[in-house]
Amino acid sequence: MEPEVVEQPRAPRLEPELPNSTEKVQVKEPERKSKLNIEELNRIEDEDVLDKMLDRTVDFEERRLIRNAMRELRQRKREQREKERDQRLQEMRSQALAGRAGHTTETTTTQSSQSADGSARSTVTKTERLVQVTSRTTTMESSYVKRSDTGNSTFVQTKSSYSSSAKKTGSIFDREDESASRQSSLAALERRQAEKKKELMKAQSLPKTSASQARKAMMEKLQKEGGSSPNPAAAGTAVQRSSSFGVPNANSIKQMLLDWCRAKTRGYEHVDIQNFSSSWSDGMAFCALVHNFFPEAFDYSQLTPQNRRHNFEVAFSSAEKHAECPQLLDVEDMVRMREPDWKCVYTYIQEFYRCLVQKGLVKTKKS
């Protein structure tokens, strides 16, 4: 017989319990900090501290409490500033009252009346007291005393009134004494009037010269500087044309140069110089002016006003070649513009005139 094998019971296998996937794992949240205390926030007197707390917190309720605390802090500071300002104003008023002695004027008026039968007598005494505390504050006190005697009895009636007026002023920094400012302004006005009177007396004391004497003195000075002139009429004309001490102004120079151009181009066909703009638009005036001094440079009779470009080229190149006048004007610009700029034309004519003077072709008064 085979021996029986007795199976011993096996120990149960312990397996770790895994959480069910369907069940949610609850994670404990960190305990939230306690809410801010309103009283603690109100005890904070530094706005920067509240501002830093507002930046650190993210809770809506805490931010609201901090903002309320900041508003209340600003309100307290504002009230404190107003209170201090009122105190300073009160101190200044008290100092002004103590420093300036008030001027008092008292007036008393007494009127007496008696009944027709002589049994009653009435006396009215009126007292007015005017006190000027400052230049801006005036106080008036009035009292009425009525005394009536009827036989053996006396009746006394008293009445008082009080009024005060003050002018409106600006800020406490603008409170100046009006009487002092008025006196200073009157003194300044008197000084200015005295100075004007002094200047007027000085001008009256100077020797008076007529217009003819002044003109004669200026002519004598010109004769001393430039030598005596044999022709007095010419000297008078020169003085009349000059603006100051024989120096012509810009308008007279422009007109003289325009007259010179008109005289040098007189007799040329298709040329009528009236100004420095439209009279030079077709180039014929330039050609006539250059041809007057250099007739061998080109044949003027072959030119026509319709060929504007050719006229400008001939005039500018001939002036540069024979008079050494630089081409300050551009041919393309002159062709493109219907009426050239008078300043450009005036400048070119001045340069051309200067070059002619250097070559001795034009004589001036100095030469």
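Residue 1 is the first one shown; counting continues down the chain.
Using N, Cα and C of the backbone, Cβ positions are placed for all residues, glycine too.
Per TrEMBL, the features are:
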REGION    1-34  region 'Disordered'
COMPBIAS  25-34  compositional bias 'Basic and acidic residues'
COMPBIAS  72-91  compositional bias 'Basic and acidic residues'
REGION    72-240  region 'Disordered'
COMPBIAS  104-115  compositional bias 'Low complexity'
COMPBIAS  116-125  compositional bias 'Polar residues'
COMPBIAS  132-142  compositional bias 'Polar residues'
COMPBIAS  159-171  compositional bias 'Low complexity'
COMPBIAS  189-201  compositional bias 'Basic and acidic residues'
DOMAIN    251-357  domain 'Calponin-homology (CH)'
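Helix, strand and coil counts under DSSP for the domain 'Calponin-homology (CH)' (251-357) come to 67 helix, 0 strand, 40 coil. Per-class residue totals from DSSP over the compositional bias 'Basic and acidic residues' (189-201), listed helix then strand then coil: 13 helix, 0 strand, 0 coil.
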